[in-house]
Amino acid sequence: MGGKPAGEEAYGKPVKHDPSFRGPIKSRGCTDVICCVLFLLFLLGYAALGVVAWAYGDPRQVLYPRNSTGAYCGMGANKDKPYLLYFNIFSCVLATNIIAVAEHGLQCPTPQVCVSSCPAALWVVSQGELSLTVGEVFYAANRTVCRPGVPWDMPVLQSLEQDLCPSFLLPSTPALGRCVPYPNSTQFEFPGIPGNTSINQGISGLLDSFSARDISVKIFEDLAQSWYLILVALGVALVLSLLFLLLLRLVAGPLVLVLILGVLGVLAYGIYHCWKEYQVLRDRGASITQLGFTTNLSAYRSVQETWLAALILLAVLEGLLLLMLIFLRQRIRIAIALLKEASKAVGQMMSTMFYPLVTFVLLLICIAYWAMTALFPSCEAVPVNASCDPMAQPTNSSCPGLMCVFQGYLSTGLVQRSLFNLQIYGVLGLFWTLNWVLALGQCVLAGAFASFYWAFHKPRDIPTFPLGAAFLRTLRYHTGSLAFGALILMLVQIARVILEYIDHKLRVAQNPVARCIMCCFKCCLWCLEKFIKFLNRNAYIMIAIYGKNFCVSARDAFMLLMRNVVRVVVLDKVTDLLLLFGKLLVVGGVGVLSFFLFTGRLGLGQDLESRPLNYYWLPIMIAVLGAHVVASGFFSVFGMCVDTLFLCFLEDLERNDGSAARPYFMSKALLQILGKKNAAPPAGKGKKP
């Protein structure tokens, strides 16, 4: 008779004992070869994309300004003219926004020319100069501010009508390669400019999407003055993170107990507060029947039913947490013991704590390479055959403001026509390589920590260079498996990006049904991404230990976790709570220290005492963000260590029984918690420490 398997059989059979198993398998072969070949071919195409970007791309667009003819200032024929001058800065008042700046740069609907220096004094064309020639008014006075090619004998009036020369010049200063007038210049009446338009309005239109020059200078001064103190704060964050992780072996138990009691205390206070609010509103007779339905959510705070519902919810959570503490106390003790064991593993292999630097460098390389390949010329803004001569008079008399201004390059070449597809390929390359680098870090750390757990005599049986051996082993045999997992995750992330783009477009329509459906899709994809990250993480641990392909490793890891699902939930929540407290401790400590440092209250920075910072909150924010990055890097290693040791612990329970032939590899603390012990060490091994 057949039937549905009961108990643990529903999630696969327990791992059988293998007398030859002693940790990460040395003799292994390449896994997921097909995916490895596809990934390498993709990387070759990504490299070819970089060659195309180098050959056809133009990074000068973001480095140098361009005049109305499309020529770069400070290069080529304009080598001695590094600054861009706007004929009419006031046309920038309503012409620029963040989207326009992102797509076309700092472009205003006014002629622009490259100049060797910005005007130092105010100058306006007088009535008497309108009958003179350009050479007499501009060239003879060393005013080289007309468009290139304007003849000497052209009348000034004609040059002004065709926007070939400016009708006025303002005292300006270089900023971002542009000549920006001084905001506090004296007010004058200019030809063709409304009297209520000020220089400040023109500048704000031009630099609306950028920080003001004065603020930028002050920020630069603050950073130049306080950079060494920022490094001190980051050093403190590093030391605090290391001390917290290394001391967990001593304080993990009391700390977890304090945190759990703190959560219980917060819930108890919430119940008390809800009860007091409910009593007050009940005595007043404030009921939801009087309020009715309203979209003002804050109004529901004044009715008794809201506080009664909150009281019931908090009471249920408090009861569930107390029940879990009573019935799951054994598993909580196991989680604490694993945290202590992870702290010991980190202490034995301190090099693993600095592996995030390798991951950070690789991620930086991937992002920088993608940024370089993305610097293609903008080719989609100009229709084909829409060309003009900047020196010719516009023929469309019905459009009085028509002028010939450079906008972009024609899309006639193969590369230019394929620009969108190449950009999509670059985005796919960015996501795939970033996920692969993160997967590499997880698999390498898992291999190193697994060698710690499966060492019977610690630290004698731990390999000499566990991190280096795991790194080489992962690169040699499992590049394809990492690429497979990264590809699956990339597809989900790309789908999320597409949904975000569609949602951004639908916001204009204000269709509540469509937005609700879109929100559900986004929530589902977010959950799917979280699940895939969790599955990939445990699959990489199994790959590092057994050297099997991605699908088999993911299945084995999932089945093993499902056979111990309660232990998984308890360990995950205890670890998350502990690491959250550690991050708050590190970031909060660095934040308080930074406040006293950058406000000059500690007396460590003599420069800060004699000359206070303009914006002391800026280096504080940088130090706090840097501390968060440092703590996240260290704690990610510790989290990977806990997950690896946990999977090894579960397999140890299934593989071994404590007999002489099948001894446990776990620590004595875990054996005591489980009420188990090794009967006798195997022959030739001696006693386990």
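We count from 1, first residue shown onward.
Using N, Cα and C of the backbone, Cβ positions are placed for all residues, glycine too.
Record features, source TrEMBL:
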- 33-56: transmembrane segment (TRANSMEM)
- 227-248: transmembrane segment (TRANSMEM)
- 255-272: transmembrane segment (TRANSMEM)
- 307-328: transmembrane segment (TRANSMEM)
- 349-372: transmembrane segment (TRANSMEM)
- 436-456: transmembrane segment (TRANSMEM)
- 477-499: transmembrane segment (TRANSMEM)
- 539-562: transmembrane segment (TRANSMEM)
- 574-597: transmembrane segment (TRANSMEM)
- 617-650: transmembrane segment (TRANSMEM)
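Residues 248, 310-311, 314-315, 317-318, 321-322, 325, 332, 335-336, 339, 574, 577-578, 581 of the same chain, all 6+ positions outside the transmembrane segment (255-272), place their C-beta atoms under 8 angstroms from a C-beta of that stretch. Contact between the transmembrane segment (539-562) and the transmembrane segment (477-499) is supported by 3 or more Cβ pairs under 8 Å, counting only residues 6 or more apart in sequence. Within the same chain, residues 255, 339-340, 342-343, 346-347, 353, 578, 582, 585-587, 589-590, 593-594, 597-598, 604-605, 608, 619, 622-623, 626-627, 630-631, 634-635, 638 sit at least 6 positions outside the transmembrane segment (227-248) and bring their C-beta atoms closer than 8 Å to a C-beta of that stretch.
Fewer than three CB pairs closer than 8 A are found between the transmembrane segment (33-56) and the transmembrane segment (617-650), and contact between the two stretches is not assigned (pairs 6 or more residues apart). Scored on C-beta pairs under 8 angstroms, the neighbour of the transmembrane segment (617-650) with the top count among 307-328, 349-372, 477-499 is 349-372. Note on the transmembrane segment (574-597): residues 229, 232-234, 236-237, 240-241, 244-245, 248, 252, 255-256, 259-260, 263, 332, 335-336, 339, 604-605, 608, 619-620, 623-624, 627-628, 630-632, 635, 638-639, 642 of its chain, located 6 or more positions outside it, place their CB under 8 angstroms from a CB of the stretch.
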